[in-house]
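Trainee: According to TrEMBL, the record shows the following:
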{"type": "BINDING", "residues": "Ser204, Asn236, Leu355, Ser359", "note": "Na(+) binding site"}
{"type": "SIGNAL", "residues": "1-19", "note": "signal peptide"}
{"type": "TRANSMEM", "residues": "33-53", "note": "transmembrane segment"}
{"type": "TRANSMEM", "residues": "119-138", "note": "transmembrane segment"}
{"type": "TRANSMEM", "residues": "150-174", "note": "transmembrane segment"}
{"type": "TRANSMEM", "residues": "194-218", "note": "transmembrane segment"}
{"type": "TRANSMEM", "residues": "230-251", "note": "transmembrane segment"}
{"type": "TRANSMEM", "residues": "346-368", "note": "transmembrane segment"}
{"type": "TRANSMEM", "residues": "389-410", "note": "transmembrane segment"}
{"type": "TRANSMEM", "residues": "416-439", "note": "transmembrane segment"}
{"type": "TRANSMEM", "residues": "460-479", "note": "transmembrane segment"}
{"type": "TRANSMEM", "residues": "507-532", "note": "transmembrane segment"}
Amino acid sequence: MLMLVLLGVPLFYMELAIGQKMRLGSIGAWRAISPYLGGVGLASVVTSMYLCLYYNVINAWSFWYIFHSFQSVLPWAECPVNSNKTGPVEECERATPTQYFFYRETLDISGSIEENGGIHMGQALCLLLAWIIVYLFIVKGVKSTGKVVYFTATFPYLVLIIYLIRGVTLHGAINGVKYMFTPKMEQLAKPTTWINAATQIFFSLGLGFGSLIAFASYNQYNNNFEKQAIVVSMVNSSTSIFASIVTFSIYGFKATFNYESCLERVRLLLLNTFDLAEDTISLENVNHWIAELNRTHPEQFASLGGRLETCDLEAELDTAVEGTGLAFIVYSEAIKNMPVSQLWSVLYFIMLLLLGMGSMLGNVIAVITPLSDLKIISRYMSTKTLNGLVCLFCLLLGLGFTTRSGNYWFTMFNDYGATFSLLFIVLIEVITVCYIYGIKRFEKDVEDMLGHRLNWYWKIMLAGVSPILLIALFIFYIVNYIQGGTPTYQAWNKELGKSVVTEYPPYAQAFIGLLLASSVCCIPLTALYTYCKKRNLASGKRERTVSTVSA
């Protein structure tokens, strides 16, 4: 909420104003402000391109899960039988059916990033389907995209409402909602919390990617972008909270189910070991009986050893995961325990697919609009051809994420491809507008478009609070990255049936450095190129003048 007010809303307002005033994509808009700043737009395009490369893989996974949902028993509900037909697959027994389906069936993942393998044909075909749909959505440019977004943005609300009604009626849902709204104050002292909050706002609102500038460039000159900035930002964040309530109600059901299953196993173990009557121990008094039997029968109780599990609801809730793990493992595990699980599975993954497609449209437009502004491209290439080439390029590179080690590269792009660059891009944007273009000049532009000047909130945020906060977050990110030591990732160990923390090899660390620097370097390199070009032109003019005078 703090990041929304201090960063999200004012920066959203600023990008809409720049796009609507300049009537250009991100590269052209920043170049119009200053020839030396074309690199800001170029950095946005590179960041959006990185996001396009890996983000559509999530949509491919959604297609995969939708296609596998039309079965009498969901394939992640139970372990498959081994080749000898003597029992379940050992890897699945060590893990869980949902983990096995994601890591082995969906990804066919290798043991580390260094173990390469062939392309997973099922995933490759799903990725091809995802890119075909993206192309069909954008084939006619931003007008067709706008119509599609009406559906991709509204249908998930319907699914969320249905899921909310189902979620809050599930046993244990309240435990998840309480967990969501119970603050952990010690987290506020950690800089990473604020960095995560800021980048969440950047991703959620599309700040720094160039997509807002691209879409705003198609607005009417006198469009009331101020009202849109406030309304869209508030609706967006309210939707995030609403979706979180839905998510945590389902998550509370899953955690409570696992907790009570653990209690039931302990109950049966105690009943069988101490030869007690069936109704002696219930789920409510298991912990009481553990303490009582430990006191009255210490030797017999000690013989239980490692067979006695420790059941803790708080620990179950604390095992929350994020990103793909939450979407494809935790939710799948919760869905399989619901009545008519196939219906809930199809609904959920269609919603996930539409949300992913909506995000993809913004990212692709953020790449295509600045490219189409370039004269060399617009002169020799139609919009449909450019759109098709961008989609084909992203598809071909994205196939690397469908290999056996592809998920590790996916994680690398997700962790390092955008966060650092977004912080830097947005910082340069706000400094440019307020201190290079000038806050007074920007104020006059706003007055020309809206009929009134900036109020005190926009001035204080844009000229003071936002840049100071961004500088602090940028420094925190660099310090945290340096102090973090060697970058690590979660490698799947099939022998243990779980993920283990593993250090990236040297070549992967070098690639991380390239990811962090590649988009950011566009800004100084473009400025240097512009400076050298102007200097050469100026010296050329002087030489021609001297030659003419001599003649």
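Placed from the backbone N, Cα and C atoms, the Cβ positions cover glycine too.
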Trainee: Look over the recorded stretches 33-53, 150-174, 194-218 and say which has the most C-beta pairs under 8 A to the transmembrane segment (507-532).
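Mentor: It is 33-53, which has the most Cβ pairs under 8 Å.
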Trainee: Among the binding-site residues Ser204, Asn236, Ser359, point out the residue whose Cβ has the most other Cβ atoms within 10 Å, with all shown protein chains included in the count.
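Mentor: Result for the most crowded candidate: Ser359.
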Trainee: Around the C-beta of Leu355 (Na(+) binding site), how many further C-beta atoms are within 10 angstroms, looking at every protein chain?
Mentor: 21
Trainee: What is the set of residues, excluding Ser204, Asn236, Leu355, Ser359, whose C-beta falls within 8 angstroms of the centroid of the C-beta atoms at the Na(+) site?
Mentor: Phe203, Gly206, Thr239, Ser240, Gly358
Trainee: When each of 150-174, 194-218, 230-251, 346-368, 416-439 is checked against the transmembrane segment (119-138) for Cβ pairs under 8 Å, which one has the most?
Mentor: 346-368
Trainee: Go through 230-251, 346-368, 416-439 and flag the stretch with the largest number of C-beta pairs under 8 Å relative to the transmembrane segment (33-53).
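Mentor: If we count Cβ pairs closer than 8 Å to the transmembrane segment (33-53), 416-439 scores highest.
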Trainee: At a C-beta cut-off of under 8 Å, are there same-chain residues at least 6 beyond the transmembrane segment (346-368) that contact it? List them, or none.
Mentor: 26, 44-45, 48-49, 51-52, 55-56, 58-59, 62-63, 65-66, 69-70, 130, 133-134, 137-138, 142, 145, 148-149, 151-153, 155-156, 159-160, 162-163, 206, 209-211, 214-215, 327, 331, 335, 386-387, 390-391, 394
